[in-house]
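What Swiss-Prot says about this one:
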type    : residues                                                       : note
BINDING : Gly162, Gly163, Ala164, Gly165, Val166, Gly167, Lys168, Thr169 : ATP binding site
Amino acid sequence: MTVFIETQNFGTITRIIGPVLDITFTGNKMPKIYHALSIIDKNSEGLDIFIVCEVQQLLGDHCVRAISMNATDGLKRGMTVFDTGDVLKVPVGRSTLGRIFNVLGETIDNLGPADTSNQLPIHRSAPKFIDLDTKLSIFETGIKVVDLLAPYRRGGKIGLFGGAGVGKTVLIMELINNIAKTHGGVSVFGGVGERTREGNDLYMEMKESGIINEALISESKVALVYGQMNEPPGARMRVGLTALTMAEYFRDVSSQDVLLFIDNIFRFLQAGSEVSALLGRLPSAVGYQPTLASEMGALQERITSTKDGSITSIQAVYIPADDLTDPAPATTFAHLDATTVLSRGLASKGIYPAVDPLESTSTMLQPWIVGEEHYKCSQNVKQTLQRYKELQDIIAILGLDELSPDDRLIVARARKIERFLSQPFFVAELFTGLPGKYVSLAKTIQGFNLILSGDLDALSEQAFYLVGDIEEAISKGFLKK
């Protein structure tokens, strides 16, 4: 963040309560709400202090209450605080690709500072209604299970549910890779209140898979913005807005389709709850901030399609105590167009991506949006898999031979479908030894229709495992023994 200090407008710290600072200004010119304030001083050991905070409340008597974006270690009453005269601004544009930033837009990857000639404020209005693109269109990902059973909306918001070790990171990286290759777009990853280790692992894996191009950093496909778990609540509350601002530039100025990943959207609301309590607001239900819905709405309404481009957002959602009625996830669900649920059961079978075909949903899966053929195919696939699920208890007790011929046929086709929903990923080529596959929606529908019709009953289920389109499964030629 570039700091422009208005030297005439400064105040002094009068109270420090953790990350909350009360600052009294002497002149008549008071900072406005959301203005960035900077503290440049030395601590008791003579080390430099540089802290940025954001005005949250105007208390009267020339006093403001601000929330710090940095740790407040070393601060003391009486220190001078400067009003920068504007809200937080962060660098945007191609110079952000391949780099890691913090909430202030400062690079934290030890590769030197980024170009700050292009900057935008993190607090911006949502696009005007007249600028929105209201046309319903599918955002093709090239991943069979997603495109067929829970398609993403262009400019929509998708909730990604999954525990540790079920392939969430690999799915995120494949989506970043596919949007770059197919749509010519870029991605922005916002790590909100995540573990530092996970953020580091993601960065290293992106470098290994080529999503971040170390040789030519500007040719990378993703920008990373991190506000880790150990950061003050102010930083965790604003890091999502920093990532969103970078994505908005690619949509509005570069006219691109952008993928915005937020991991984890619950941590954004949790940080808001901490800040609200520190500011002395009365809590709402379950201790959350009274402004829960408006904070979420302000973020989500900026994630949309315009006539220039789109931001399609994939948000990891943590469910506290597995309680879907908790105000944080319940507020999030109201904004989602689709849910992608990752299943540990499928991951244990080696079926990747481990997307649960029966639990994942999408508002786009309607015949007047996706077309009659796509809709019928998806419903038939779900019915077959649902029937297979119902029969599994009987199979476990009595065995497959005790089923009727019709049910045995359903089980055989369901097992083929389950395996055909798997797919080799480009970003996992190093681990699987298989070349990655991008499958168009038309090829996906054709393949599942052939399985459902019985035309491929002669092939063994192994022919459908980790393949791209149906021609590849047929060419494998594993006939039943």
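Each Cβ is built from the backbone N, Cα and C atoms, and glycine gets one as well.
Mapped onto this structure are the features recorded in Swiss-Prot.
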residue : record           : CB count, 10 Å
Gly162  : ATP binding site : 21
Gly163  : ATP binding site : 11
Ala164  : ATP binding site : 8
Gly165  : ATP binding site : 12
Val166  : ATP binding site : 23
Gly167  : ATP binding site : 21
Lys168  : ATP binding site : 20
Thr169  : ATP binding site : 18
Excluding Gly162, Gly163, Ala164, Gly165, Val166, Gly167, Lys168, Thr169, which residues of the same chain place their Cβ within 8 Å of the centroid of the Cβ atoms of the recorded ATP site?
Leu342, Ala347, Ala354
